[in-house]
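Novice: Below you'll find the structure I mean.
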Amino acid sequence: MGRCLTKKVFLIQSPILFLHLLISLSSGAVKPDLKGVCVSKGGRFPPYELEGKPPKSVGRGSKDLTLCRVFRKKTCCSSVQTNPAFVAVRNLATYGEASQECLELFELLECSICNPNVGIQPGPPRICASFCDRVFEACKDAYFASNALKRVIGPCGVNDDIICIKASNWESNGTSFCEAAGFAVQRNDDSREKPCYGSKASLESVVESWSRDSRKETPLKTETLSCFKDLLQWVREMTTIQKISLGMSFLIAGMFLIRQSNNRNQKQRLAAIQRTARRLRGNGNGDSYSAAINRRTSSD
């Protein structure tokens, strides 16, 4: 693909990678010596299983997080928290008519509960007002519904079609939108006494850390990642007909490789039989046996 088509592949062109970057950038100034214990958020957020214990890493496999996995190295979350967040994002994608940017930012908002700094703070997740404004601006035309039981708004679900309206009809700005969704909002993003999720200071510190990690990558890893991004973008931009054609090409190529492998295996088996025949030439029967094998090979 001409050295992977191009080197200029931006993360924003790949929604999955862009989302992971957004989560990393908004993860707050997570420090290795983070102290404190997990405090359940109350409201619509399920209690932490680590209530009263410090945040810890989450293993992969059956105990892995169903969402927000960027925080698995240090978090108060378990699947108890990420399952509802996963459902909310899925509903927004399925019924909310949300843009890609809205989906990414709303998932980032839902994942705030898994940020270790947020986990040790009392009360609902404290979100920076500037970040709430970004989420609302991206999601104001997406459809949300009011949950009468939990007294919050959330993405429309399968049973919410009657009272499903645009976010801009529920609230008029980012602060009221976040509060209506069950979050606390902090107006001063740069407060050191009370850090909030998505502050400018935390973004800059994590960007610097992320840049250091990126420079440590080997050229081979960087090249491989670039190739993967280019291939992913190329496939996304293909039409349905082109994707079907590409799939058929892969199928035909696979069948050709299987046939080649079978032919090679058959030749290897015949060669082994011939070697055995040559070892038997010491007796009379061996010569006739070898001749028979040679005739079989010639006929094939």
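Any Cβ shown, glycine's included, is placed from N, Cα and C.
From Swiss-Prot, for reference:
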{"type": "DISULFID", "residues": "Cys38-Cys76", "note": "disulfide bond"}
{"type": "DISULFID", "residues": "Cys68-Cys111", "note": "disulfide bond"}
{"type": "DISULFID", "residues": "Cys77-Cys114", "note": "disulfide bond"}
{"type": "DISULFID", "residues": "Cys102-Cys139", "note": "disulfide bond"}
{"type": "DISULFID", "residues": "Cys132-Cys178", "note": "disulfide bond"}
{"type": "CARBOHYD", "residues": "Asn173", "note": "N-linked glycosylation site"}
{"type": "SIGNAL", "residues": "1-28", "note": "signal peptide"}
{"type": "TRANSMEM", "residues": "238-258", "note": "transmembrane segment"}
Novice: Which recorded positions are spatial neighbours of Cys132 (disulfide bond) here, meaning Cα within 10 Å, out of Cys68, Cys76, Cys111, Asn173?
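Specialist: Matched recorded positions: Asn173, sequence order.
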Novice: When neighbour density is defined as the number of other C-beta atoms within 10 angstroms of a residue's C-beta, which of the disulfide-bonded residues Cys38, Cys114, Cys178 has the lowest density?
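Specialist: Minimum Cβ neighbour count within 10 Å, taken over the disulfide-bonded residues Cys38, Cys114, Cys178, occurs at Cys38.
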Novice: If I take the Cα of Cys114 (disulfide bond) as reference, which of the disulfide-bonded residues Cys38, Cys76, Cys139, Cys178 has the closest Cα?
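Specialist: Of the disulfide-bonded residues Cys38, Cys76, Cys139, Cys178, Cys76 has its Cα closest to that of Cys114 (disulfide bond).
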Novice: When you measure from the Cβ of Cys76 (disulfide bond), how many other Cβ atoms are you left with inside 10 Å?
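Specialist: Its Cβ has 28 other Cβ atoms within 10 Å.
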Novice: Could you check which of these disulfide-bonded residues, Cys77, Cys111, Cys139, sit within 10 Å of Cys178 (disulfide bond), going Cα to Cα?
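Specialist: Qualifying among Cys77, Cys111, Cys139: none.
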Novice: Please report the distance from the Cα of Cys76 (disulfide bond) to the Cα of Cys111 (disulfide bond), rounded to the nearest angstrom.
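Specialist: That separation, Cα to Cα, works out to 11 Å.
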Novice: Out of Cys68, Cys111, Cys139, give me whichever of these disulfide-bonded residues has the highest number of other Cβ atoms within 10 Å.
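Specialist: Buried the deepest by this measure is Cys111.
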Novice: If one measures from the C-alpha of Cys102 (disulfide bond) to the C-alpha of Cys111 (disulfide bond), what distance in angstrom results, rounded to a whole number?
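Specialist: Spelling it out, the Cα of Cys102 (disulfide bond) and the Cα of Cys111 (disulfide bond) are 14 Å apart.
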